[in-house]
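Data first, discussion second: the structure below is written as structure tokens.
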Amino acid sequence: MTTLATLIFLVTLLFVLWQPKGLDIGITALTGAFIAVITGVVSFSDVFEVTGIVWNATLTFVSVILISLILDKVGLFEWSAIHMLHASKGNGLKMFVYIILLGAIVAAFFANDGAALILTPIVLAMVKNIGFSKRAIFPFIIASGFIADTTSLPLIVSNLVNIISADYFHIGFIRYFSRMIIPNLFSLLASIIVLWLYFRKAIPKTFDDNNIKHPKDAINDLKLFKISWIVLVILLFGYLISEFTKIPVSIFTGIIAFIFLMLARKSNALNIKQVIKGAPWNIVLFSIGMYIVVFGLRNAGITLILAKILEYISNYGLFSTILGMGFISAFLSSIMNNMPTVLIDAIAIGQSNVHGMLKEGLIYANVIGSDLGPKITPIGSLATLLWLHVLTQKDVKISWGTYFKTGIIITIPVLFITLIGLYLTLIIF
């Protein structure tokens, strides 16, 4: 059974990453799940258990992306980016830092995928219009994609990984925020420093800001633009209310997304059908299917091996526990994608004989590693693969070799510093 469960997992993962002839990841994952069920690797009760774990996470994620797609069509993100350019006042370094800060804000509230896939094309268009060379463009593109993941820690909704882990361990919105806001700030600061050190010679010292358009010119629907700010406030309150009412956060985000869609349906700035079609609905099928396959690894006893490893490193104290878990999840995410990694690790943490603060350290370090680890390799997350594809369509080609070289140099120090932020949070607060 162990061999069969492992084989089903590896073949499913291979087809998810390869996507031959555009094969949808949702179909691939469900096929793997179907094979796991009919071969007896997982039971029907496992299917219901997995669905119970992931439905809230995936629907929340889809709702947030829907909202972000509307905001993008309205022009909110471009409006924000133009403000950042004007605030830079022709200083290349300031522009670099401000774009990173904007990316961090977008990632926090609209998820890492939204930040990377929506903000990157906007930034790319801007630096091209300014007249930057290809060498000067590269740092801004990498920074836009990198910061989307490294600062997707603070809120449960900032990353699908966060939602799944929080749901699995029944962690509320406020408690999660209280544990991850400091690590996120550590990650943000470390990202700015490391990215600047790595790209300092390529970032232009100055640029001509005379031809940058006015922020208001980016707004495609002024009425909907004003409504957007109200929607954002209501969305934040929805997150907080879910903490106290125990109502799944997907209920709030879903209702808000639906109302926003209804308000936007008469706008000339966007096509509602295209927005709905552009949402990552296949993520729902992928999550359910992939996690059923992962449960096969649990049933075969493979996650118990990892649980024993976690018990071993926990014997060396909180600092070693956090570093060990963080780098294990980062490594696994980089070689087999962060989506299965976070649940495999979560199951192992639950199976381990680790309790109290040490267990808490494992839980949050797993999230950090699964959020940051994917930046090491192109296959670390589905969003990165799509991000690279979008850039290729816009005539910006980044080879896997170049990505890996850049990713590993930048990610390792940022991951280490972020884990230190988690350690300090747990021992001080």
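Glycine is treated like the rest: Cβ placed from N, Cα and C.
Same-chain residues lying 6+ beyond the ends of the transmembrane segment (3-23) with a Cβ under 8 Å from its Cβ atoms: 29, 31-32, 35-36, 39, 41, 286, 289-290, 293-294, 296-297, 299-300, 302, 336-337, 340, 379, 382, 385. The feature transmembrane segment is assigned by Swiss-Prot to 3-23 (among others), with sequence analysis given as support.
Per Swiss-Prot, the feature transmembrane segment maps to 25-45 (among others); the stated evidence is sequence analysis.
According to Swiss-Prot, the transmembrane segment annotation covers 50-70 (among others), on the basis of sequence analysis. Remote same-chain partners of the transmembrane segment (50-70), defined as residues 6 or more beyond its termini with a Cβ less than 8 Å from a stretch Cβ, comprise 106, 110-111, 113-114, 118, 157, 160, 163-164, 167-168, 224, 228, 231, 235, 248-250, 253-254, 256-257, 260-261, 264, 270, 275-276, 278-281, 283-284, 287-288, 291-292, 295, 343.
The annotation transmembrane segment is assigned in Swiss-Prot to 99-119 (among others).
The annotation transmembrane segment is assigned in Swiss-Prot to 137-157 (among others).
If you look up Swiss-Prot, you'll see 180-200 (among others) marked as transmembrane segment.
According to Swiss-Prot, the feature transmembrane segment maps to 222-242 (among others), an assignment based on sequence analysis. Here the transmembrane segment (222-242) has long-range neighbours at 67, 70-71, 74-76, 79, 109, 155-157, 173-174, 248-249, 251-253, 255-256, 259-260, 263-264, 267, 269, meaning same-chain residues at least 6 beyond its ends whose C-beta is under 8 angstroms from one of its own.
Taken from Swiss-Prot, the feature transmembrane segment covers 244-264 (among others), and the record attributes it to sequence analysis.
The transmembrane segment feature in Swiss-Prot is assigned to 275-295 (among others); the stated evidence is sequence analysis. Outside the transmembrane segment (275-295), and at least 6 residues removed from its termini, the chain residues within Cβ reach (under 8 Å) are 8-9, 12, 16, 24-33, 36-37, 42, 46-47, 49-51, 53-55, 57-59, 61-62, 65-66, 69-70, 73, 113, 160, 164, 261, 264, 339-340, 343-344, 347, 382.
Panel annotation: around the transmembrane segment (316-336), residues 13, 306, 309-310, 342, 344-345, 349, 354, 357-358, 361-362, 364-366, 368-370, 372-374, 376-377, 379-381, 411, 415-416, 418-419, 422-423, 426-427 of the same chain, lying at least six beyond its termini, place a Cβ under 8 Å from a Cβ of the stretch. Look at Swiss-Prot and you will find 316-336 (among others) tagged as transmembrane segment.
Residues 16-17, 25, 112-113, 116-117, 120-121, 124, 141, 145-146, 148-150, 187, 286, 329-339, 341, 398, 400, 403-404, 407-408, 410-412, 414-415, 418 of the same chain lie 6+ residues outside the transmembrane segment (372-392) yet bring a C-beta within less than 8 angstroms of a C-beta in it. According to Swiss-Prot, the feature transmembrane segment maps to 372-392 (among others).
The list of residues near the transmembrane segment (408-428) in space but at least 6 beyond its ends in sequence, with Cβ under 8 angstroms from a Cβ of it, reads 142, 146, 150, 153, 179-180, 182-187, 189-191, 194-195, 198, 318-319, 322-323, 326-327, 330, 357, 360-361, 364-365, 368-369, 372-373, 375-376. The transmembrane segment annotation in Swiss-Prot covers 408-428 (among others).
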Are there residues at least six beyond either end of the transmembrane segment (25-45) with Cβ under 8 Å to its Cβ atoms? List them, or say none.
1, 4-5, 8-9, 11-12, 15-16, 19, 281-290, 292-293, 295-296, 299-300, 382
